[in-house]
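Q: A single structure is presented below for examination.
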Amino acid sequence: MSANQTPPSATYESAFLKACRREPVPHTPVWFMRQAGRSLPEYRKVREGIPMLESCMRPELVTEITLQPVRRHNVDAAIYFSDIVVPLKAIGIDLDIRPGVGPVVEKPIRTRADLAQLRDLTPEDVSYVTEAIGLLTAELGSTPLIGFAGAPFTLASYLVEGGPSRTYENAKAMMYGDPELWADLLDRLADITAAFLKVQIEAGASAIQLFDSWAGALSPADYTNSVMPHSAKVFAAVAGYGVPRIHFGVGTGELLKLLGEAGADVVGVDWRVPLDEAARRVGPGKALQGNLDPTVLFAGTEAVEAKTREVLDTAANLEGHVFNLGHGVMPSTDPDALTRLVEYVHTQTAR
Ligand code: CP3
C-alpha cells in the first residue's frame, strides 16, 4: 500500500474517499467521467498531432492531461488519463482508437484459436502507467487519483465485434452459441483487467472504477450467468488493497443490484433512474455515484442548477453520494459550465 492510502493521510481523509466509505463529508464530492479530454482547449492543444493510444504511453503527457480538469474545475478527484483498451494494446493486440469512432480491432476474436491473441499482462507491459502515477500522486497532494479499467464484458464487446456496436450481435452470438468459449474469453479478460488495476493501485491510485459501459445491453439473467462471475473475479482480486471499488455501466437500471453484488463499494448510476430509487434497488451498504444527464450542461446555468438540485434532493438520504454525470462529459460541453457545476454542488452541500 502506498503512503497516500495509509490512514490517516490527507488523501484518505478527502471528501471523495469519505463518501465512497459512506462516512460524513464536508461537502458532496464531485468528479466527471471523461473530465479530461476534448471539452478542454488545453487538452486539444497538448494532444495536437499525437494519436490517442500513443498519448496514453507518455507519462509526462498523461500527467498533464490528468491534472488539467483538476486545476480548472476544482473537482474532488482525478481520473487517470488512459483508455479501456490500453491493457489490450499492451499485450500486443492489434488495435487502434480512431477519432470519432472509438476502438477498432484488426482481427476480431471469434473462435477458440483467436484466444491465442490474449496473454497475461505484467507490470513491465505498462511501465509507463507506474511512472505516470508516480508523477501524478506527487503533484496531486491530497486529491485522490482514480484508476480504472474496462470490465470483461465491455472489453469483449470490442474484441468480438471488432469495433463499436449498437447490437453486440457477434458478442451475444458467442455468449449464447458457445458459452464455453465465451467464459474462457471473459475469464482471461478478468485476469488482464485485475492485473492492470493492481498496477494502478500499487503505483498509488486511491480508488478504482470498473467501466462495464455496455452491460445495459444484457438481461439480468444473462448478466448474472455469463458476465457477473468474471467482473466479480476482478473485484475480488483487488479487494485486499482496501481502496474503494466503483462499478459503472450505462442503461443498467435493471442491473443495479447485481453491479453492487459483483463486489463494488460504490455503484455508478446513469440519469435514467433517480438516486433514491437506485438506492432501493442496490440495497444497503453501498455508496452511489451520479447522475446528472450530461446533455443538461447544454441548457444554460438556470436549468443546470435546477436539474442538479433535483439530483441532490434524490441523494439526500443516501449512505454515501459521489456527484457525477450519468455518463461521460460530451466533447462539445462548455468547460465553464462544468466549473460552475462543481462550485454549485460544493456550495449547496457545504455542511
Ligand atoms: O474519464 C477520463 O477523463 C479518463 C479518460 C478516459 C478515456 N476513455 C479517454 C478517451 C476513460 C475513462 C475512457 C474509458 C472508455 N473508453 C470507455 C468507458 C467509459 C465510457 O465512456 O463508458 C469506453 C467505452 C472507451 C472506448 C472508447 N475510447 C470510446 C467509445 C472512445 C470515443 C471515440 C470518439 O472519438 O468519440 C474512445 C476514445 C477516447 N478515450 C478519447 C478519450 C479522451 C477520445 C480520443 C481523443 O481525444 O482523440
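Sequential numbering from 1, following the chain as shown.
Glycine too: its Cβ is placed from the backbone N, Cα and C atoms.
Pulled these features from TrEMBL for this protein:
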- Arg34, Gln35, Ala36, Gly37, Arg38, Asp83, Tyr158, Ser213, His327: substrate binding site (BINDING)
- 29-38: domain 'Uroporphyrinogen decarboxylase (URO-D)' (DOMAIN)
- 146-162: domain 'Uroporphyrinogen decarboxylase (URO-D)' (DOMAIN)
- Asp83: site 'Transition state stabilizer' (SITE)
Q: Using a Cβ cut-off under 8 Å and a sequence separation of 6 or more, which residues in the same chain sit near Arg38 (substrate binding site)?
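A: Listed in sequence order: Arg44, Pro331.
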Q: In whole Å, note down how far the CA of Ala36 (substrate binding site) lies from the CA of Asp83 (site 'Transition state stabilizer').
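A: Here the two Cα atoms are 11 Å apart.
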Q: Have a look at the binding-site residues (Arg34, His327) and report the one with the fewest Cβ neighbours inside 10 Å.
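A: Relative to the other binding-site residues in Arg34, His327, Arg34 has the fewest Cβ atoms within 10 Å.
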Q: Among Arg34, Gln35, Ala36, Gly37, Arg38, Asp83, Tyr158, Ser213, His327, the annotated substrate contacts, find the widest CA pair distance and round it to a whole Å.
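A: The widest Cα-Cα gap among those binding residues is 23 Å.
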Q: Report the same-chain neighbours of Ala36 (substrate binding site): residues 6+ apart in sequence with Cβ closer than 8 Å to its Cβ, ordered by sequence.
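A: Looking at Cβ-Cβ distances below 8 Å from Ala36 (substrate binding site), excluding near sequence neighbours, one finds Tyr43, Ile65, Thr66, Gln68, Pro69, Ile79, Phe81.
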Q: Go through Asp83, Tyr158, the listed recorded positions, and name the one with the sparsest Cβ surroundings, counting other Cβ atoms within 10 Å.
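A: Fewest other Cβ atoms within 10 Å, among the recorded positions Asp83, Tyr158, is found for Asp83.
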